[in-house]
Amino acid sequence: MGHCTSKDQKEGKRLNRRIDEQIKKDQSMSLRIIKLLLLGAGESGKSTILKQMRILHKDGFSQQDLEMIRPVVYSNCIHSMLSILRAMFHLQIEYGEPDRVRDSQLVFATVHANKEELTEELAAAMQRLWHDPGVRECYRRSNEYQIDDSAKYFLDNLPRLSSPNYVPSEQDLLRTRIKTTGITEVLFELKGLTFRVIDVGGQRSERKKWIHCFDNVNAIIFISSLSEYDQTLREDNCTNRMQESLKLFDSICNSPWFADIHFILFLNKKDLFAEKIVRSPLTVCFPEYKGQQNQTECINYIQWKFEQLNRSSQREIYCHHTCATDTNNVQFVLDACLDMIIAKNLKSMGLC
């Protein structure tokens, strides 16, 4: 009887040891998985940053991937022109040349027929429209209506996009816009760690899905578009986009869900901001602003507006100014961010 009890005790101890070892192994494995959330309002550039991560840290995009987005490029290009033509009516802007009315009718007919092929005839009409002084004036006032940021890029490149042998480039892919619905994820290995980067739709209707991604997060990259300080939300055509972004940042930065995680802020689209700030004052969004109307001073002010929302004296906000379509810029910024996250993760594991 005593012999059996002793044997059972030894077996129990061995089992406990194996369980403890497995728990330690699982904990070690979980510490080597870094979960990053990309958060921000709609059209801030989250999906473009995720594409850049795939280019920089995965195998990028294959020739087949590029060819598959050709219809998206055509659709983005046609709908960019459509947005301008509709705005011309609402803003009561006349075409520089009367013949452009016929060209605009072709664009409307194409979209109405659900045929978003960039035919030779349509491309020629769109090129004539894009060079029309009235259309250009309407585009200059693009902050007064809803239009994709990539509009100028695609319309400037119409001759290339409409060529018979056109294959989208990596830059074309970065510029395409498809509304993010649900959750998109990229996994990559770096310096012995697995990074799991998650992008969830930023428009108001999509934010209820964010809660499903909040467990075991190591860092948040919050992305805000600098160039949207004088634009309104696509969802309501009323709320200022920058003010919406600040409100969203406030709620996330100070949420108890994220009290102990690293917080990174990307002030994105600095290239578009540089073009816009020379003609549209920052006081449109911030009437109290008294500084100079130049890129550096205005960006610093916007950064300060975000940073002052952080109510935790223990938390540092790591801020970077980015252009999500510039791979070199994104690589430089991501390298700095990922190195910081890795160093802090190693410290939490007691390895440095």
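Cβ from N, Cα, C; glycine included.
Region 'G3 motif' is the annotation Swiss-Prot gives to one range among 115-124, 195-204, 275-284, and that range is 195-204. The range from 160-167, 184-191, 264-271 that Swiss-Prot describes as region 'G4 motif' is residues 264-271.
Of all ranges given (130-135, 250-255, 322-327), Swiss-Prot attaches the label region 'G5 motif' to 322-327. In Swiss-Prot, the annotation region 'G2 motif' applies to 172-180, one of the ranges 55-63, 172-180, 226-234. Looking at the stretches 21-34, 35-48, 91-104, 287-300, the one that Swiss-Prot records under the feature region 'G1 motif' is 35-48. For the region 'G1 motif' (35-48), same-chain residues at least 6 beyond its ends with a Cβ under 8 Å from one of its own Cβ atoms are 148-149, 174, 177-180, 184, 195-204, 206, 210, 213-214, 216-225, 228, 233-235, 241, 244-245, 248, 252, 266, 268-269, 322, 324-325, 341. Residues of the region 'G4 motif' (264-271) grouped by DSSP class, helix first, strand second and coil last, total 2 helix, 5 strand, 1 coil.
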